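Structure first, commentary second.
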């Protein structure tokens with residue numbers, strides 16, 4: 001491939017400016033996934049959904065679920081069929097912003113970094129801009145909506161009962177999953193994948209199968225988003241209470257003389273006004289605290305409660321309940337690398353619908369279209385300033401890069417941009433890092449290192465995946481959406497001139513896919529690890545070394561399930577809720593004591 005020749009410099013400059021406007025806006029769109037919500041009329045169904053400011057000072061329940069996210073909602077709904085359940089969610093309700101319910105408004109919600117937003121941005125120590133959910137429904141409220149099950153091998157390796165897992169997937173799918181309407185861009189990507197040999201064509205399926213397929217979506221045909229919060233419709237309203245803006249400060253422990261170990265018995269949480277409340281486990285029948293705060297929140301809260309590496313906890317003045325060196329270890333995020341493709345023709349607004357599942361360990365996904373509001377440039381400036389200044393990370397942007405972004409923002413006057421993004425995600429990954437506390441404030445982000453591409457096998461998969469992406473872009477099936485005077489080398493070169501992350505850029509990245517992967521890596525928000533099964537929790541997700549405490553969420557995973565994890569995270573909530581109820585027939589079934 002050759003870079004555009006000097007004779008085309010004038011055209012390249014003009015095209016480059018338009019392209020830079022497109023790529024920066026679209027990548028921010030990829031980085032700050034939309035805050036969409038289910039129709040507001042669903043909210044009145046939930047008489048048990050309340051602000052934490054209305055909570056009594058002391059509450060008692062059979063089960064206390066910390067985190068009403070993608071896993072916590074189906075878990076709590078299931079447990080409420082046989083016990084009194086309290087859910088403490090640090091974020092707000094997804095039902096309070098009806099103007100954001102349609103996928104066509106996707107772009108307008110991408111750049112909200114206010115304290116009340118549904119996502120909390122952070123920058124990993126790798127220099128990659130990330131975000132964690134803080135809303136009832138968790139990541140299912142702020143993700144791209146793709147729904148695809150884990151492979152049968154993953155299910156067996158996880159030790160899950162295959163029949164119960166199948167039933168749990170179906171339980172989720174009946175409420176929140178749809179078959180997408182495939183339009184021109186997604187169809188072209190699908191046909192391009194087939195043309196370049198990502199075979200066979202598996203059509204529409206939830207199953208994880210090698211080849212090219214169309215997966216499920218949590219957007220209905222009108223573009224309204226359904227979330228894990230909608231799974232609370234399964235709950236028994238008399239046995240469940242869900243408090244919003246309830247930030248758990250720590251889990252409480254006491255010594256169990258019979259078991260000769262510490263036992264969880266309650267939590268302290270703070271409401272939006274800063275008032276502290278206590279919630280205790282019932283002393284009648286089975287009772288447990290279940291941590292379901294996600295791959296970032298669960299290991300963070302374990303540490304804040306005194307379970308983690310002793311030296312690290314003591315350095316922060318935290319009393320050690322259990323010296324557990326594996327808490328915060330094994331942190332991983334599947335690396336994402338993309339090419340953005342401006343289109344000469346209009347494209348539909350679509351998130352991930354088509355996926356190519358390769359045998360070498362890379363998943364090819366695509367999205368298209370972006371509608372921008374009039375305040376986009378101001379929001380974009382806010383994002384840039386945030387990226388430059390957050391969390392004490394030194395900026396690696398050279399002055400000319402900052403000037404480029406400033407020019408992009410000034411010239412970004414067209415409210416609708418045409419084109420899309422095609423990228424690859426590395427399976428697993430094999431590379432892992434760690435999480436550590438920065439402060440003892442649970443509202444603050446911890447320090448997270450993912451070590452993208454530390455393992456050379458991950459880098460090899462990225463290179464092979466990017467080759468597939470390039471082949472799809474060059475395919476006959478995709479030719480309608482290409483500017484033919486803009487070769488792939490130009491797309492690569494222009495992307496390297498934009499500050500997509502805080503990582504340094506190397507001159508050889510324009511010609512080395514290995515360096516390109518390293519320099520332009522993005523997150524796909526598929527965090528996992530930190531409380532891994534077999535190290536921090538046992539096969540029943542009980543925290544090893546203490547009583548009455550489990551962790552049930554993606555923090556227990558050793559690898560990301562399937563192409564995208566949300567289907568399996570929701571399944572796991574239902575699955576473990578069923579297991580817990582069936583394993584203990586002595587559940588008292590109280591309605592909660594307020």
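From the backbone N, Cα and C atoms, a Cβ is placed for every residue, glycine too.
Under the heading FAD binding site, TrEMBL lists 89, 90, 135, 248, 554, 565, 566. What TrEMBL records for 462-517 is disulfide bond. Residues annotated as domain 'Glucose-methanol-choline oxidoreductase N-terminal' in TrEMBL: 294-308.
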Long-range neighbours of the domain 'Glucose-methanol-choline oxidoreductase N-terminal' (294-308), counting only residues six or more past its ends (CB under 8 A)
66-67, 69-70, 90, 122, 132-133, 138-139, 248-253, 318-325, 327-328, 331, 435, 437, 440, 442, 445-446, 448, 527-531, 536, 543, 545-546, 551, 553-555, 557
The predicted model's mean pLDDT over the domain 'Glucose-methanol-choline oxidoreductase N-terminal' (294-308) is 98
Distance in Å spanning the most remote Cα pair of 89, 90, 135, 248, 554, 565, 566, given for FAD
25
In Å, rounded, how far does the Cα of residue 90 (FAD binding site) sit from the Cα of residue 462 (disulfide bond)?
36
Around the Cβ of residue 517 (disulfide bond), how many other Cβ atoms lie within 10 Å? Please give the count over every shown protein chain.
24
When the domain 'Glucose-methanol-choline oxidoreductase N-terminal' (294-308) is classified with DSSP, how many of its residues are helical, how many are strand and how many are coil?
11 helix, 2 strand, 2 coil
Could you check which of the binding-site residues (89, 554, 565) sits closest to residue 517 (disulfide bond), going Cα to Cα?
565
If one looks at the chain holding residue 554 (FAD binding site), which residues at least 6 apart in sequence have a CB under 8 angstroms from its CB?
70, 71, 294, 295, 527, 528, 560, 565, 569
Rounded to the nearest angstrom, how far is the Cα of residue 462 (disulfide bond) from the Cα of residue 566 (FAD binding site)?
22
Cβ atoms other than its own within 10 Å of the Cβ of residue 90 (FAD binding site), all chains, total 27
Cβ packing number for residue 89 (FAD binding site), 10 Å threshold
31
Other than its own, how many Cβ atoms are within 10 Å of the Cβ belonging to residue 566 (FAD binding site)?
28
Distance between residue 248 (FAD binding site) and residue 462 (disulfide bond) at the Cα atoms, whole Å?
38
